[in-house]
Amino acid sequence: MQDQYILALDQGTTSSRAMLFDRQGNIVSIAQKEFEQIYPQPGWVEHDPQEIWSTQAGVAAEAVTRVGLNGTAIAAIGITNQRETTIVWDRETGHPIYNAIVWQDRRTADFCDKLKAQGLSEKVRAKTGLPIDSYFSATKIRWILDNVEGAREKARQGKLAFGTVDSWLVWNFTKHELHVTDVTNASRTMLFNIHTLDWDDELLDALEIPRSMLPQVRASSEIYGPTKTTVFASKIPLAGIAGDQQAALFGQMCTSSGMVKNTYGTGCFLMMNTGETPIESRNNLVTTIAWQVDGKVSYALEGSIFIAGAVVQWLRDGLGIIKSASEIEALAAGVPHTDGVYLVPAFAGLGAPHWNARARGSLFGVTRGTTSAHLARAALDSIAYQSLDVLKAMEADSGIRIGELRVDGGASANNLLMQFQADLLGVDAVRPRITETTALGAAYLAGLAIGYWQNVDELHSQWQLERRFAPSMQAEQVGSCLAGWQRAVRAAKAWADDTQ
């Protein structure tokens, strides 16, 4: 009998990817295809749902055939996806009635302000763990119902279906038979009660969204049903679903309360496992569901940083200081420190834990002696400082002292950044051998559901360290660095306040 593999589908914001994993958690094959970003007007971001499906189906087939395999070699499929992105389709035709409204889209910001003015903020946070924000799916659904001709009436008749990207993929993989999502994706809609684990009728009424549109909510690791498309000749169990950041937390094996991961991408996404009890944040973090496995729900605290790796892209594209992102480490390493220069990369405001939409990027402490190397180092340092702000908020909310930080994402390959992160935190930054942790998490969830892997203990034994960064900076020096950063953030906020 031929070896079998787990196929992980990683449907991201800019590309659809597919990876095959073997029993040791190694990547056997990978395929990727980018798709179009649609910007109808400033602040609006859309995707074509049919292109999401066609690119994802295409790379799924390519990842399998590239290594001479076919569908019979796939034991199960796990799906992970860009979260919050909203698709509404006609149940009869299977066709979307509007483009996917992407998580970054801000068109419903004014409507969110109206909901806040109605005094709904505390109710929404208590039920969903989320602040009222256009980032989440609820107001995007409402916009489609209000602005697409005939949508409201079709919804009333039960003819429309809503789904996050995972739901849309499962719907298509099962030839329109399964309309499901998992608890992690449901918890990002602003409509799901994370305590009762059900859609919340009070919130649905407040937003005038019919319950009939919503998918059935299932666990993150269970057999939802078999594929029925021509993508694969054989029927393969769809057996794992989780939003991208939750999948990364699972792929990093942060399965115990107090374990934390940071994904260093264009932005940073930090997530702390808080165990089987949701912790309501008092420090501007989001309370969310980490996963549901073996009947148990794990919760998490999450903080999002808008600009992380994007600050390196700005040095490349905006200032021309570097020709490629990979050059920044060598340039920054040319100086021992920033010489008092601080960059606050609030290009689109400040995310967690500040949540200041008006703050703008600011540079402080520049002298005639400041060089491109100092700027490069300040840019890298800003990623670590912002991450520290979120991690301190997590410690304050949870009462848990972080033992180590598990890192992944593109910028985690930067050794200078990882060392400075460890220095600031005072604990080790730990980089795994396999940094494709999002796809790995989806594979793990699917494999557990079908018995490909026996239990989480087996997965823990597979997790392998690539490098551990131990703190080496003196406490006095760390304190001085942090004091400067905090002054810079205060000044960036003051600048925004003074320009209203």
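Every residue gets a Cβ built from N, Cα and C, even glycine.
Among the candidates TYR39, TYR135, TYR299, the residue that Swiss-Prot annotates alongside ARG83, GLU84, ASP244, GLN245 as binding glycerol is TYR135.
Residues ARG83, GLU84, TYR135, ASP244 are given by Swiss-Prot as sn-glycerol 3-phosphate binders; from THR13, THR14, THR338, that same site also lists THR13. Neighbour counts were taken at the CB atom with a 10 A radius for the binding-site residues SER15, GLN245, THR266, ASN414; the maximum falls on GLN245. Neighbour list (GLY309 (ATP binding site), Cβ cut-off 8 Å, at least 6 residues apart, same chain): TYR264, GLY265, THR266, GLY267, ALA325, ILE383, GLY409, GLY410, ALA411. ARG83 (sn-glycerol 3-phosphate binding site) carries neither a helix nor a strand DSSP state and counts as coil. On the backbone, the CA of ARG17 (ADP binding site) and the CA of GLN313 (ATP binding site) stand 22 Å apart. The binding-site residues recorded for this entry are THR13, ARG83, TYR135, GLN245, and the Cα of GLN245 lies nearest to that of ASN414 (ADP binding site).
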